[in-house]
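K.L.:
Here's the feature list from TrEMBL:
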type: DOMAIN; residues: 10-37; note: domain 'C2H2-type'
type: DOMAIN; residues: 38-65; note: domain 'C2H2-type'
type: DOMAIN; residues: 66-93; note: domain 'C2H2-type'
type: DOMAIN; residues: 94-121; note: domain 'C2H2-type'
type: DOMAIN; residues: 122-149; note: domain 'C2H2-type'
type: DOMAIN; residues: 150-177; note: domain 'C2H2-type'
type: DOMAIN; residues: 178-205; note: domain 'C2H2-type'
type: DOMAIN; residues: 206-233; note: domain 'C2H2-type'
type: DOMAIN; residues: 234-261; note: domain 'C2H2-type'
Amino acid sequence: MRIHIGEKPYQCNQCGKAFTDNGNLTKHLRIHTGDKLYKCSQCDKAFTQNGHLVMHMRIHTGEKPYLCCQCDKAFSYKQDLVVHMRIHTGEKPYMCSQCDKAFTQKVNLVTHMKIHTSENPYKCSQCDISFVRNGHLTRHMRIHTGEKPYQCSQCGKAFTNNGNLTKHMRFHTGEKPYQCSHCDKAFTQKDHLDRHTRIHKGEKPYQCHQCDKAFAENGNLTKHMRIHTGEKLYQCSQFDKAFTQKVQLVMHTRIHAGKKPY
């Protein structure tokens, strides 16, 4: 009945927190006493509550009782499933108070806020770049050391970070997880989908400051700028002709080979 009427007669004499029954007060008091009765049989960790030990044991057993109903992923802890489900629902409950960004986890919001506070505590010892996360610094240091610990099992190509290896593996598997909602095209990388979507939306964010012509992709703006600069990077190996675009050189080379340019 105490649950229904809100009665909490058992009060902690250390911090004033109150409980409906004596058992919960006893568990709570272990926070203050440091008493950890529940010991792991696999390692030296110990816990104040049996429930915490049960959850910890899943690290050793590999048990993942919390299954996602949308995909085949499983989790050891309920909270991890809750966070994962936000990928499917699109829920981002942690809003930045400085800009319009939102996040699925509080830890990601905390990291993001450092952008606004200019707090970058992890500094590179080789150059003047600093980072909000130690992991970002670790990846950055591989630029200086040349270390590429992530190797493709199919072709041996190596990468500085696991994300780039994951993207690369899609060339071997043919996986294209990023599907266009406007047509049937799919892509291996999200930024490729973003560029493609601009075709449907008519977005052209890359504008030439010489003639105001605009483009959907930065690469196309770079090519266009050569018209104004006169830069011709693609040199014919047979004659002294040069071209602003590679496709122009390819067509020109067909003339030497006796092929029709089209």
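The backbone N, Cα and C atoms fix where each Cβ goes, and this holds for glycine too.
Curation plays no part in TrEMBL annotations; they are all automatic predictions.
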K.L.:
Please compute the mean pLDDT of the model over the domain 'C2H2-type' (122-149).
P.N.:
90
K.L.:
Quickly jot the same-chain residues contacting the domain 'C2H2-type' (206-233) by Cβ under 8 Å, restricted to those at least six beyond its ends, or write none.
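P.N.:
For the domain 'C2H2-type' (206-233), the far contacts come to 195, 198-199, 242-245.
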K.L.:
Who are the chain neighbours of the domain 'C2H2-type' (234-261) in space, where the CB to CB distance is under 8 Å and they lie at least 6 residues beyond its ends?
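P.N.:
For the domain 'C2H2-type' (234-261), the nonlocal Cβ contacts are 223, 226-227.
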